[in-house]
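> Have a look at this one.
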Amino acid sequence: MEATNVLHLLIISLFSTILLAQATDILIANQTLKDGDTIVSQGGSFEVGFFSPGGSRNRYLGIWYKKISLQTVVWVANRDSPLYDLSGTLKVSENGSLCLFNDRNHIIWSSSSSPSSQKASLRNPIVQILDTGNLVVRNSGDDQDYIWQSLDYPGDMFLPGMKYGLNFVTGLNRFLTSWRAIDDPSTGNYTNKMDPNGVPQFFLKKNSVVVFRTGPWNGLRFTGMPNLKPNPIYRYEYVFTEEEVYYTYKLENPSVLTRMQLNPNGALQRYTWVDNLQSWNFYLSAMMDSCDQYTLCGSYGSCNINESPACRCLKGFVAKTPQAWVAGDWSEGCVRRVKLDCGKGEDGFLKISKLKLPDTRTSWYDKNMDLNECKKVCLRNCTCSAYSPFDIRDGGKGCILWFGDLIDIREYNENGQDLYVRLASSEIETLQRESSRVSSRKQEEEDLELPFLDLDTVSEATSGFSAGNKLGQGGFGPVYKGTLACGQEVAVKRLSRTSRQGVEEFKNEIKLIAKLQHRNLVKILGYCVDEEERMLIYEYQPNKSLDSFIFDKERRRELDWPKRVEIIKGIARGMLYLHEDSRLRIIHRDLKASNVLLDSDMNAKISDFGLARTLGGDETEANTTRVVGTYGYMSPEYQIDGYFSLKSDVFSFGVLVLEIVSGRRNRGFRNEEHKLNLLGHAWRQFLEDKAYEIIDEAVNESCTDISEVLRVIHIGLLCVQQDPKDRPNMSVVVLMLSSEMLLLDPRQPGFFNERNLLFSDTVSINLEIPSNNFQTMSVIDPR
């Protein structure tokens, strides 16, 4: 009887082993995975096997997405110990370790068991690839407790379900490390890692140097990542207990693929897979602009990307070295204008809003303390420099105290946080008086909206609108240079009586531009209305408009490549402000070379908001039956169907980029080899790997990095794609221009054939074409 039972158990064990061996997602103990073999997760989402990245001949054991056409590796076992032939074999040993052997049967890589696992509990260990992309070692029959898992030892990829952070009990710290290059998965220069000192936060480092800091979690998001918002793709979660602190996310729809990757160039970016394009689409970046550079403005300095210069001292502080500050070196930061009165108990706090909170490594926190008690605790400690709520939800709760200097602060237009900065009581009284005077002036300005100048004043300033003062002719009338009685030089936009800009457009331009403040937008100073006369008074830009340089055979040489690329970046920042960062969401609708002015330092200033349209906070598109704009710059969907969106401006920006690079107009472009316009010509050259041939010869000597110019051309082509959905948002454009993020291949541009512009498709549209090919046009669509 006993022998029968033993035989029965042996049969069951043998049968179970056979079933496991037949499973495509499992390896059993001592079973071998050879180069050329793979195991695939049960749902077919991920595959494990050997691969060679890019043009490399080295072999690695890795995990990649199974269902997509582009091999995307999410984890590499032997990243620093490559195989040099096809001899690699993988086994799971009886003690629960994964072992990778080379041709000499030497172990070149092995897994380490989880700190919490007990080898005594091992029984029939197996290795399995899950549909989450997690490669696990577990006991046969136990799918809950893992002996080891790849998600505990990530490489450059943050996958759904991974606990990205630190376990205080086991000491396990899960962090990202970049590849050395796109075809070399060995340990790269960049890491993104949780620092538990003070209030935990993530630090992106290049080797040992901090590049970017996320800031602490405030209950809704990291304070240094305002773009992290609830979305339909994934649901994120932050867990902070006595045992562990980590950030994780889960897919809202398992069929949607998304990943966060630390690229070899240090860019920490999220991508989503677009099936119809068969490519990864950029979705979000941790770093947005130069203000994200760690401690750019030094101690007690704050960075605002919409200001020029970007750095300024917090209220109550002054530059430590004024000369360096003026020269653009802000690294030494700021110091207190008035020393603290801590010993006398007369200090107070100034509330500063919409901030990225300072570095919290030297901070202290209490999750439950109320804000009033938080303030008292800070006042009792002379080294306490600021305080803030730990969690901003439900009106705020908890307490963070900072000790020592406040560093790495920046300002946002939205989703920033309140910080209470310690100042001497006398300093607070001074600031309150200044604030009261400023508020009074602002109220007066809001009541008046803009200063009104009478006709006589404007006429005298422009010498009676003399021909000698005329700067140029726009679509809505002439522009004159003027000098006010106070000596200030101005530009006067005088609307012609036959101008197509009616009262509506005039009011629109006043209301819009009066509310806009950005270093890359022209500043309006006042207006004049007298019977049929309507005029706008702007700050004067001595270098006039961009088109007077790039399209002029002689003056184009004054704009070398460094200046041109800065102009492109300036225009991009200005458009991003209009689309996302201003109090209003604005579509310009007439972005072109003649509407970009240049100041004395050749900084770009976007002008002419007569055609601009505002959208609601969540709107991104609208329709019109009155199409207005300029041929050569208007997007196809707008010119043909009257459909305009933020992507319409992106199209115009792309045209402008290609014009700046080439020194040629899109409209009227001629080439002996074809009948394409500039967009079509640039696209054709790009496809033939000859994009460099469109570069303006005037910048050849100053163009020391051809790859930068080719990248700008590439970005321009992405902006002018036919389908608006394919075009990037301006936030992505700014990021592409300021980083080395990977770029998708551009698709066919819109209106790339000059000869077939639109006449065959729009017979119902009555075109009203102005005599000047480069003036603003108006199309009345009767539909």
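Any Cβ shown, glycine's included, is placed from N, Cα and C.
Quick paste from Swiss-Prot:
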SIGNAL    1-23  signal peptide
DOMAIN    24-150  domain 'Bulb-type lectin'
CARBOHYD  ASN30  N-linked glycosylation site
CARBOHYD  ASN95  N-linked glycosylation site
CARBOHYD  ASN189  N-linked glycosylation site
DOMAIN    287-323  domain 'EGF-like'
DOMAIN    342-424  domain 'PAN'
CARBOHYD  ASN381  N-linked glycosylation site
DOMAIN    465-742  domain 'Protein kinase'
MOD_RES   THR624  phosphothreonine
> Suppose we draw a 10 Å sphere around the Cβ of ASN189 (N-linked glycosylation site). How many other Cβ atoms does it contain, all chains included?
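Its Cβ shell of radius 10 Å holds 15 other Cβ atoms.
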> In this predicted model, what is the average pLDDT of the domain 'Bulb-type lectin' (24-150)?
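A mean pLDDT of 89 is what the model gives the domain 'Bulb-type lectin' (24-150).
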> Drop a 10 Å sphere on every Cβ of the glycosylation sites ASN30, ASN95 and tell me which sphere holds the fewest other Cβ atoms.
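Looking at the glycosylation sites ASN30, ASN95, the Cβ with the fewest others within 10 Å is that of ASN30.
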> Give me the long-range Cβ neighbours of ASN381 (N-linked glycosylation site): same chain, 6+ apart, Cβ under 8 Å, in sequence order.
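Non-local contacts for ASN381 (N-linked glycosylation site): LEU401, PHE403.
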> Quick one: pull the CA-CA distance for ASN189 (N-linked glycosylation site) versus ASN95 (N-linked glycosylation site), whole Å only.
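Per the Cα atoms, ASN189 (N-linked glycosylation site) and ASN95 (N-linked glycosylation site) stand 34 Å apart.
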> Taking DSSP three-state, what's ASN189 (N-linked glycosylation site) in: helix, strand or coil?
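Reduced to three states, the DSSP call for ASN189 (N-linked glycosylation site) is strand.
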> Calculate the distance in Å between the alpha carbons (Cα) of ASN30 (N-linked glycosylation site) and ASN95 (N-linked glycosylation site), and round it to a whole number.
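ASN30 (N-linked glycosylation site) and ASN95 (N-linked glycosylation site) have their Cα atoms 11 Å apart.
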> Where does ASN381 (N-linked glycosylation site) sit by DSSP, helix, strand or coil?
coil
